């Protein structure tokens, strides 16, 4: 069992396989060109798997593949099959923007993928293009349809932005409700790489919009293993809101992140990291596990978004850590 310095059980590993992304979303990616990490500096699938295998042996129950955009890395289904074949009952999931998903969904499902989280901030073509800096909506919707068709469990992630997509909150909710998908609205997490002036809706503003049509929704008892607070409409449909600005958001954090370069990240907000790259490439797996335990001991109690200070902006590059 893996325990951090505050007694929290850590059983969830998020693995970024690439920092590259084919979108330039306002809340995540810088607009100006910059240098990607050279591909030869990334851990191979084999080395990533060595660490995942050891982490599972130490008590990890859930593995999520992230990016950047993970579907940009070739042979991702091969990598997922490696993990699935080692531990068939592992909770194996993927986070994606959905743009390439229609061609990959069946391969991923056949490889052992169980669930997929897909970003959908709007159902308006022009708004989607404004957010992603690219014409994306049609292909994202095709990806969602194909993932559903092949039997992947789907959650939709939506980051409502003030003055951009706040008018689309109800439409996204209705889209998911009609298809039986869970939707989670995510408060914008201020970060160094977001577009200047980007502002998100807070949880109260999101709830106020939903209450315009569904005034009698109620709060659901929180599942401490989930970052979202869920709410239930009168017909039983549940939606979630992820609230990183709330004081208790980090209280039950159960996750650790591994970047494609081999850095272990204890917290999405902070820059602190330690590398397991040399250890896994040298097959010193015990050393990699010791680094993991050391990183967990350094895991902070909470992020700084909860201080409700507009100056608290994370310098973490979210596209490298998968959010």
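Backbone N, Cα and C atoms are what each Cβ position is placed from, and that goes for glycine too.
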Site-mate of 14, 64, 155, 255, 256, 257 for GTP in Swiss-Prot, selected among 95, 96, 122: 95
Neighbours of the [4Fe-4S] cluster 2 site 250, 253, 267: Cβ within 8 Å of the Cβ centroid, same chain, sequence order. 249, 255, 266, 268, 269, 299, 300, 301, 302, 303
Rounded distance in angstrom between the Cα atoms of residue 257 (GTP binding site) and residue 189 (S-adenosyl-L-methionine binding site): 17
Near residue 119 (S-adenosyl-L-methionine binding site), which binding-site residues out of 14, 250, 267 have their CA within 10 Å? none
I'd like to know which of the binding-site residues 14, 155, 255, 257 has the most other Cβ atoms within 10 Å of its Cβ. 257
